[in-house]
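Participant: To start, I am sharing the structure in question, which I have written as structure tokens.
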Amino acid sequence: EENGHQNKRLKGGAEEDAEDQSKKSPKRKIVLLMAYSGKGYHGMQRNVGSSQFKTIEDDLVSALVQSGCIPENHGEDMKKMSFQRCARTDKGVSAAGQIVSLKVRLIDDILEKINNHLPSHIRILGLKRVTGGFNSKNKCDARTYSYMLPTFAFAHKDHDVQEEVYRLDKETLDRVNKLLSCYKGTHNFHNFTSQKGPRDPSAKRYIMEMSCGEPFVRENMEFAVIQVKGQSFMMHQIRKMIGLVIAIVKGYAAESILERSWGEEKVDVPKAPGLGLVLERVHFEKYNRRFGNDGLHEPLEWTEEEEKIALFKEQYIYPTIINTEREEKSMANWLSTLPIHDFSSSAVEMQANNKNSKNSSDLEGSDGCGDDSD
């Protein structure tokens with residue numbers, strides 16, 4: 001009987017052994033550290049049953065199935081693997097530190113196998129075991145985004161050259177940072193998203209940090225990077241925060257519009273292009289304090305992966321932003337629309353205008369967590 005059983009097993013060959021091996025591998029709750037260039041994708045979140053709009057998760061789930069980490073039916077119903085993304089990024093938005101939590105079979109060389117089935121502009125850079133009840137969206141304390149833009153976005157409409165030869169001076173950079181710092185603290189951001197009224201409690205958001213770094217030149221064009229850290233963000237919130245500061249610095253809107261935008265009155269806030277937006281990192285401070293040093297779990301920090309993250313940005317994210325800006329002129333084209341905005345209109349006029357022109361891009365997704373921007 002024993003020999004017969006052995007012979008039967010040998011007949012199946014290597015393929016059957018691999019299948020047996022993956023079935024034997026224990027299922028565990030993990031998080032994956034992801035980096036991706038979002039160009040050509042309709043955001044992060046998968047729309048099961050809709051192949052028309054390709055998302056980052058479509059490619060990720062396909063790689064998880066092909067590598068043997070999850071059974072095929074888990075790919076069709078993502079609840080079966082307790083899948084949760086930390087941030088639901090918009091169409092065209094990239095990430096250097098996205099986190100997803102899910103249950104997988106812990107097969108040998110798991111990262112290498114998943115990456116073998118992913119395109120080069122999507123990489124899994126790290127993996128950590130987490131507690132069984134971990135949910136990457138709910139356990140996240142804060143998110144840090146960056147926004148890379150050509151500095152001619154800050155050129156004054158009346159005094160400065162508007163082209164790529166523009167270089168940002170210290171005085172203008174200081175003014176940009178003074179305006180960005182006004183966002184710090186808790187404000188009512190109902191004017192910085194769609195479908196939220198001024199009295200909706202969820203429109204109040206807490207911003208921890210926001211500033212613009214020193215400019216640098218790439219391929220004869222000067223760029224700067226704005227960083228913002230907040231608890232969570234609503235649909236288009238970051239792009240509108242940056243759009244309004246650009247409108248003020250360029251001389252289209254008065255500084256007083258910032259204070260006005262946090263009041264109950266409806267204010268016309270322009271939305272900067274999605275191209276330069278990158279999810280830099282997500283923060284799990286409370287989780288790390290509770291479980292990071294319990295002897296069973298590691299803290300969700302990625303110091304060892306920092307080099308890989310920096311390399312990915314240099315290889316895939318920055319070149320995409322720079323080349324797309326040069327070819328498609330997304331910032332230059334958007335800047336030409338600023339004179340159309342009415343930065344002093346009353347609430348009544350605004351409502352009338354909104355009814356006449358409902359912008360289809362409001363359906364793109366969310367800058368941040370997506371928990372309240374469905």
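Keep in mind that glycine also has a Cβ here, set from the backbone N, Cα and C atoms.
Quick caveat, the model's predicted, so the values are computed rather than measured.
Copied straight from TrEMBL:
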REGION    1-25  region 'Disordered'
COMPBIAS  1-11  compositional bias 'Basic residues'
ACT_SITE  Asp90  active site, nucleophile
BINDING   Tyr145  substrate binding site
DOMAIN    183-285  domain 'Pseudouridine synthase I TruA alpha/beta'
REGION    351-374  region 'Disordered'
COMPBIAS  351-363  compositional bias 'Polar residues'
Participant: Taking all residues of the domain 'Pseudouridine synthase I TruA alpha/beta' (183-285) together, what is their mean pLDDT?
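Facilitator: Value for the domain 'Pseudouridine synthase I TruA alpha/beta' (183-285), mean pLDDT as a whole number: 95.
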Participant: Around the Cβ of the residue listed as 'substrate binding site', how many other Cβ atoms lie within 10 Å? Please give the count over every shown protein chain.
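Facilitator: Step by step: centre on the Cβ of the residue listed as 'substrate binding site', count other Cβ atoms within 10 Å, giving 26.
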Participant: I'd like the Cβ neighbour count for the residue listed as 'active site, nucleophile', meaning other Cβ atoms within 10 Å of its Cβ, all protein chains included.
Facilitator: 27
Participant: Which whole-number value in Å describes the distance between the Cα atoms of the residue listed as 'substrate binding site' and the residue listed as 'active site, nucleophile'?
Facilitator: 12
